[in-house]
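First the structure, in the form of structure tokens, and then the observations on it.
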Amino acid sequence: MGTKFILFILLFIFLFSSGFVACGGFYSFQKLNSSVSGIEFPNHPSFNAVSSSADSDCNYGVSQKSNTHSIAQEVDGVDVKNGENEEVSIFGNQKKEAVKFQLRHRSAGKKIEAKDSVFASRARDLSRIQTLHTRIVEKKNQDYNSRLEKNDNKHKPQPRRNLMNFPLMATLESGVSLGSGEYFMDVFVGTPPKHFSLILDTGSDLNWIQCVPCYDCFEQNGPHYNPKDSTSFRNISCHDPRCKFVTSPDPPQLCKSENQTCPYYYWYGDSSNTTGDFALETFTVNLTTTSGSEFRKVENVMFGCGHWNRGLFHGAAGLLGLGRGPLSFASQLQSLYGHSFSYCLVDRNSNSSVSSKLIFGEDKELLKHLQLNFTSLVGGKEVETFYYVQIKSVIVGGEVLNIPEETWNLSPEGLGGTIIDSGTTLSYFADPAYEIIKEAFVNKVKGYPVVQDFPILNPCYNVSGVKNVEFPSFGIVFGDGAVWNFPVENYFIKLEPEDIVCLAVLGTPRSALSIIGNYQQQNFHILYDTKRSRLGYAPTRCADA
């Protein structure tokens with residue numbers, strides 16, 4: 001793609017949060033705990049003529065799986081009954097019910113120094129922001145709309161029977177103990193299905209997994225995915241129209257034969273990237289129905305089988321893209337479960353026994369939530385990946401700040417604006433908004449010694465010996481009148497053992513893009529509804545959801 005970044009990230013932030021009490025424009029802490037470059041490709045068959053799969057063919061249309069491959073076994077120790085399994089084909093005629101995935105926190109047994117982790121968090125986020133900004137500027141690199149329109153109809157999702165009355169649910173977990181700022185999702189991939197943990201990212205589209213043979217891979221928990229162990233793995237041919245969905249390695253590889261695989265290259269910044277074979281695979285998911293929980297198979301999911309993967313993904317097996325583009329997992333499931341998905345991110349200090357859910361399909365319980373608010377998704381057509389919202393103003397301590405409204409606007413060229421992103425940790429606001437927000441907190445926070453020499457985060461305060469720490473309230477007002485008020489633990493970080501509390505909001509250098517990150521999304525149930533073009537958010541104790 002030509003864009004290169006040379007910023008390397010070490011570890012992520014080890015942050016903790018707890019309850020609060022609101023009073024008169026201030027929040028009181030009752031208990032706040034802390035706690036691309038280019039790749040040289042060897043003479044690998046993936047980029048020459050033959051498939052890396054032992055069972056490769058070029059028939060990638062309607063699924064022709066028989067009952068031979070239905071799950072009649074244990075899924076990594078979970079007993080699955082024959083009668084409760086159905087196959088879901090992304091390009092077939094059958095349609096399934098809805099799904100939920102679970103997110104859980106894994107303990108790595110590491111102790112991460114708070115101050116060092118702040119450095120790492122800031123560096124990683126800045127690199128990611130640079131990547132997001134570059135993707136917008138280079139929007140012509142991936143023109144998904146035109147490619148979709150040119151595709152043959154047989155490669156488009158076909159109508160299937162309605163599954164939208166049942167949500168598809170997966171498990172989510174905090175990655176903090178692994179040194180990661182992201183949240184992880186448990187998935188089962190292949191036939192027979194095997195368990196993998198993937199990073200949840202609403203700021204990108206491609207789904208990918210570290211894949212055997214792994215020529216250049218980062219360390220992950222558990223074995224790499226091996227396509228030869230799965231009877232449902234199928235390579236996508238370089239002649240297949242779907243191959244145009246992905247970026248080819250640089251220089252592009254010539255497509256010489258019908259059975260030659262489709263190579264892909266996808267980059268994230270901070271030298272993080274993945275390269276390998278673009279392929280199809282079956283993902284096994286947990287379907288929540290009126291009669292209980294069942295495992296279902298979603299066939300022909302487009303994903304990257306990554307043989308060269310660089311970056312500090314900290315224990316994950318790969319990444320699950322949830323952006324707005326057609327490659328994302330959310331988009332590929334739309335014909336099955338509708339145009340909405342939601343997640344609830346647990347506290348960052350949650351232990352391995354605490355989990356929350358990623359839900360594909362309509363969550364009726366969330367829609368009944370008395371505190372569920374909606375704001376409109378706006379713009380972003382130039383780059384389909386991102387979920388943009390329109391901010392009008394910011395409130396600190398009950399005061400509406402005097403920030404020029406044009407600071408928040410998304411230009412016709414796709415520059416500026418505000419996105420909500422599960423893959424960025426803290427929240428970042430473009431100037432002059434950031435400077436005005438910071439100044440408001442400096443003026444309103446009284447009675448605590450200011451820590452002048454603490455790097456990166458600002459302002460910071462020494463709260464040693466203070467039982468109930470009070471800080472001004474913080475909220476965002478959207479252009480359509482919706483207001484998102486945050487609990488204090490979502491915008492102040494307490495670093496132990498120094499007893500330093502810092503504002504968890506930063507500026508975006510050299511970019512007009514603003515970002516609402518996952519730290520500010522903790523303990524909110526977030527709903528993405530692309531059909532109605534709206535974002536929902538409801539305060540929720542995610543560990544109990």
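Glycine too: its Cβ is placed from the backbone N, Cα and C atoms.
Owing to the predicted nature of the structure, the values given are computational and were not obtained by experimental measurement.
In the shown protein chains, 27 other C-beta atoms lie within 10 A of the C-beta of Asp201 (active site). The active site annotation in TrEMBL covers Asp201 (among others).
Look at TrEMBL and you will find Asp421 (among others) tagged as active site.
Annotation comment: TrEMBL describes 140-155 as compositional bias 'Basic and acidic residues'.
Summarising model confidence by region, the domain 'Peptidase A1' (183-538) averages a pLDDT of 90. Feature annotation from TrEMBL assigns domain 'Peptidase A1' to 183-538.
For 140-161, the entry in TrEMBL reads region 'Disordered'.
TrEMBL lists 1-19 with the feature signal peptide.
Asp421 (active site) and Asp201 (active site) are 7 Å apart (CA-CA, integer value).
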